[in-house]
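*Asks:* Here it is, the structure in full.
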């Protein structure tokens, strides 16, 4: 596509708008990172110096430490369960000949389509009805429900590119469907499963719509604690927490994109 | 084949069970709650009533709330879709490390918690935020401008949070277009704009529809962003539901409002998808 048109006014306008959009997407992250290292009480731009005091503040504050612990505990439960359920469902639906295949697919994906407040409120009622309000169980269940669709999507994306002949070969050679899945299919879709697990982790660490409604003061997660903080104060330690989040996200997404590119699959 | 499908069914079973317990069951409880008489939240009697719905539809502020929600969700969806074409077209044309970098930039906002993303707009827009501080230091303004607590800032925050979804859907649609079509259109002398409106746009209708469906639903259902950015200045339904449940403690009313919101969202999505199909049929014939 490299022809003379590349330098026309139209192209210049197009590229400028694209650049502005990328800056728009990046700007908040950038500003958060800069103000997290700011030595002053109020986030300033440009920063007045460099300081790690807000990071120290986070790790010495009881409330933040509790929130970080809770978030990690819940993520550790969410990731394997969501990954297993999502992967099995993706393969089962992909390999089946059910008439209601696309309906099932929509069903598994529906938790991310459902307006967040509705999912949150119904979880509140579920928790109240079963006496689970404020428990780790109900928060983890909420995280798993919203993480499953991401795992399902990533795994379905790799499965679509998979050669169906190898499964047939394996079955003809006498392997049970279960053994075929474990020994033949699994090694081929492991990259998609990994992507799904990463997404499950990110979803769990960032989930707030359900957590805010069903958590108690003992089970606050990082985003819930952040909400409480923003409501009360304008404290740069929130920035420090955000930076920790952003670093984790960037590392994960770089791995994700590399894995995806190596295996020639779409991230989504 | 029957034996095989049985195995497949067992593979899907955990998902079905989990979704039944934590999606269907809660929704059923929500629906039942909507027909309970409101008032005392702790003791809810067993008689079913449609009083909640009657008082919702009698209340004037309900209509402004629903109008605000529809308007906000539609504007956010349309802005996201229009803006998404620029990065999406760039994305499909790049390869290698540049593409990885673009992806990281693009997806990094998506991978941080929505709270953090909205918080960063507070840091930028609030009265002692970055824009106001800079303008005051430059002596361009004497007192801080009121940039937060209005619908523009709400749209900005939503677009920044949801734009990546539209970019992904649109660029997925774009990669499916045969490159020869661009070349053909180009070599036949069509301008870039003509190619866009007559080749690219019609072929990305599925991407537009998926983006609209997801973004509309996510905007209409989000109570976190309005709560943090607009406070009580802009009453949207999701926020009303949250307040009914958590502050007024009127659980049946919150449930009834949720049911109404869900119906409104589903109806809007069905109508737009129907219109989209009509558009597609008009472009391609049957």
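Each Cβ is built from the backbone N, Cα and C atoms, and glycine gets one as well.
TrEMBL lists B:9-35, B:72-92, B:101-127, B:147-169, B:181-201, B:207-230, B:251-276 with the feature transmembrane segment. Residues annotated as domain 'ABC transmembrane type-1' in TrEMBL: B:66-272.
Are these features on the surface or tucked inside, and what touches them?
*Replies:* Here the transmembrane segment (B:9-35) has long-range neighbours at 44, 48-50, 52-53, 251-252, 255-256, 258-259, meaning same-chain residues at least 6 beyond its ends whose C-beta is under 8 angstroms from one of its own.
Outside the transmembrane segment (B:72-92) by six or more residues, the chain places 99, 102-103, 106, 151, 154-155, 158-159, 162-163, 165-167, 169-171, 174-175, 196, 200, 208, 211-212, 215-217, 219-220, 234, 236, 268 with a CB less than 8 A from a CB of the stretch.
Residues 87, 90-91, 94, 144-148, 153, 156-157, 160-161, 164-165, 167, 222, 224-225, 228-229 of the same chain, all 6+ positions outside the transmembrane segment (B:101-127), place their C-beta atoms under 8 angstroms from a C-beta of that stretch.
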